[in-house]
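Engineer: Following this message is one structure expressed as structure tokens.
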């Protein structure tokens, strides 16, 4: 039985997302997409907020310090003073429909993130305008996949031979063969159709533990599920929020699970918009990589 606690931060976020843990610094990071902000916190210290002036979709840590950010207008670096330094806008700045969404840094320090129609602005993601991009440390930007509704939960197996990605619109988690040295993906195929077990829920963000099992948040489902490498759903963890958005492993030993959530659509006694933590999940996570650019 998992004990889910509200993380000790009184703030309720509009669209909490993108949890990330720096094991070296013992520091948690997350974003509020609608609030246009990036956050970091060390145990026992106040939360630090960076207002970036546009919607972040995901952040990655940099080996040089600070963050790499995929946000409304593309890829940027976020310095300690909170200013964005633009790298590239793959679909142009101030696009009337698109923004960037979820992603992650791979084992060679490349930053992956996908675009989507901005559903918070009433644009229709069902038209599958989303593109999965890879930003290399030399700041070159590459199209890796297209025709996606909403990119979510980009993550890799411990041996870095497979990459997972959810399309939240299709309610499917896909898997690709991943070639770590070149950063290429191939042989995209269905891993899990979450609509079969959870027709009313959508797969949001996910991560993979050190044993190769997946942990995935279910938007509208008040759950995080654990999935075996053969796609069997093994466990369900009830979260006191209608829309949990993503989990990540944290703590010096990587045995706690930190979970973000959305404050949209909440009611009653739900804690939507808050962060949650499970202190001991009996399995270790994988450390997060840092962008080398």
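Positions of Cβ are set from backbone N, Cα and C atoms, glycine also.
So TrEMBL says this about it:
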- 15-262: domain 'SMP-30/Gluconolactonase/LRE-like region' (DOMAIN)
- 17, 152, 204: divalent metal cation binding site (BINDING)
- 99, 101: substrate binding site (BINDING)
- 204: active site, proton donor/acceptor (ACT_SITE)
Engineer: Near residue 152 (divalent metal cation binding site), which residues of its own chain have a C-beta under 8 A away, given they sit six or more steps off in sequence?
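Structural biologist: When sequence neighbours closer than 6 are ignored, residue 152 (divalent metal cation binding site) has 101, 102, 114, 165, 166, 167, 168, 203, 204, 205, 206, 246 within Cβ distance under 8 Å.
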Engineer: Measure from the CA atom of residue 99 (substrate binding site) to the CA atom of residue 17 (divalent metal cation binding site) and give the result in Å, rounded to a whole number.
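Structural biologist: Answer for this pair: 15 Å between alpha carbons.
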Engineer: With a radius of 8 angstroms around the mean position of the C-beta atoms of 17, 152, 204, what other residues of the same chain does the divalent metal cation site pick up?
Structural biologist: 18, 101, 102, 150, 153, 166, 168, 205, 217, 219, 245, 246
Engineer: Just jot down the residues in the same chain as residue 99 (substrate binding site), at least 6 apart in sequence, with C-beta under 8 A of its C-beta; none if empty.
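Structural biologist: In sequence order, the residues whose Cβ lies under 8 Å from that of residue 99 (substrate binding site) (at least 6 apart) are 55, 57, 71, 72, 115, 116, 118.
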